[in-house]
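Trainee: Let me give you the structure first, and then I'll get to my questions.
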Amino acid sequence: MGQYKNCLNTEKSVSLESEELEETHGLERQTLFPEKTWWSVLFCQNHRRYPHCLCQTVVTSAERLSDMSKEVKPESVSLCPLDTAAAPVPELLCIFGTGDLGRSLGQRLLQSGYRVVYGSRRPHSCGPLPQGTQVMSHAAAAQSASLVFICIHREHYDVLETLAPELKGKVLVDVSNNLKKNLYPEANAEYLQRLVPGAHVVKAFNTLSAWALQNGPSDANRQVYLCGNSADAKQTVTEIATKLGFTALDRGSLSAARELEDFPLQLFPEWRLPLRLALGLTITFYVYEVVRDVVYGYVHQGKDISFRMMVSLPNKVFPTVSLIMLTLCYLPGVIAAFLQLYRGTKYKRFPDWLDRWMLCRKQLGLLALGFASLHVLYTLIIPIRYYVKFRIADSTVSQGKLNKTLEFDTTMAWRTDSYYAMGILGYAVYLLLGITSLPSVSNALSWREFSFIQSKLGYLTLFLCTFHTYLYGWNKFLIPYYYKWYTLPTYMLSLVLPSVVMVLRLLLLLPCVDRTLTRIRQGWERTDPEDDSKKSLLT
């Protein structure tokens, strides 16, 4: 310890340069800077190794500090020890309710860096909770946090009324939902605000499931809708939702809570019209085919071919419905284009029925792809059907008995190969349209890429599938046998709508029409001659 007995630095040691101090005594300079007074403190680095060291802190005045700073090299930097700044304490959030949603929400909050405390009616027997959380009574939990998640059913809101003093001034996030629409005269969040008038109620997180909270947001479940009367409270909830990885969407005041509570109760709201249309078309064409094939064969030929109702008839109905629904995806766009040409502007609203039709085009296309996939599967099993095997064997035996051979028909070979080729190509582009309509894929595409696939390749798909159907019919329209009971075959009925759409689309591609339509969609408006005459009279 002898070499450190002079570590008690005097006023003389202060005048030494910082490098000389470090080399001679192993001293480190730190700067503490209050608002107006600066102090330089010298510490012996060997003090910890030698507990009997006489090193003491030497404090100099602000004037001596300024003189000393002149001798320090400009490259030197004053550092503050890390242990002097306390680590920030994570924010504490409270959750009322220890059910599936409450546990999943608590687990997600812990993973995002929050502290969580649960409020329960039975703190000692509430079941397993995420590790790292606390559980206590409702009153104690409410007093410990400034924000409380209400993860209990509306039937148990009465307990919150008794906690009104503890919840006063706090943010209450209502995540409840009802089993049916219009079950109560007012929304749950509005009822909660009436029970606890001193709190700031925010409706949020009710559109998320426990699974989504536990596993994190996905492309299909990334948005958190919220509403409330307090802007500061909504901002607090927005920050929490963002930290959890979700996107918060403000829907306005608390009066919008009923609309948010109705969201989880909706069962495929965007799919209702397409599903009804698909079901109606399927039933209609299936009954139509049963009458034309099964009933007609039994009445006129005395044959029982009811077995065809399982594979043969559905394999005629599925492609028919698929082609019609694919056409219905592009027909509203054609109608809208001609409507804009007629009006001479794009700033007039489309009719409501056309708006609803255009909004469900994605669902129509996906259902059409589903029916096309069923047609592919039913076609693949044709060679293994008993009826087909029997017909092939019977034909072969009959030809052998008669000692006859069939000549190779080149025209029929071209027809069948072209028919299958168009079907394969059409289904391949069909799949591409379906894949790009998925949110995870469409979000990765630019608007130009998405528009090219859904518009240009969409019409190509419609053309290939329509041509595929024409090749299937070939010259059947010339044979009277196919007009049973003077009715048209199903494939002919399916060709009417796509043929009309293709012709109208070709008209829109004419240079004179396309040029005018492009100008309208860029903002140009055609003036009305009557308006021009009125303006000229006024001037």
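From the backbone N, Cα and C atoms, a Cβ is placed for every residue, glycine too.
All annotation found in TrEMBL is predicted automatically rather than curated by experts.
So TrEMBL lists these for the protein:
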DOMAIN    94-178  domain 'Pyrroline-5-carboxylate reductase catalytic N-terminal'
TRANSMEM  317-342  transmembrane segment
DOMAIN    320-454  domain 'Ferric oxidoreductase'
TRANSMEM  363-388  transmembrane segment
TRANSMEM  419-445  transmembrane segment
TRANSMEM  457-475  transmembrane segment
TRANSMEM  495-513  transmembrane segment
Trainee: List the helix, strand and coil residue totals of the domain 'Ferric oxidoreductase' (320-454) as derived from DSSP.
Mentor: 111 helix, 0 strand, 24 coil
Trainee: With a Cβ cut-off under 8 Å, give me the same-chain residues at least six positions beyond the ends of the transmembrane segment (419-445) that come close to it.
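Mentor: Same-chain residues near the transmembrane segment (419-445) but 6 or more away: 219-220, 326, 362, 365-366, 368-369, 372, 376, 453-454, 457-458, 460-461, 464-465, 467-468, 471-472.
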Trainee: Could you put numbers on the helix, strand and coil content of the domain 'Pyrroline-5-carboxylate reductase catalytic N-terminal' (94-178), residue by residue per DSSP?
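Mentor: Result for the domain 'Pyrroline-5-carboxylate reductase catalytic N-terminal' (94-178), in helix, strand, coil order: 31 helix, 19 strand, 35 coil.
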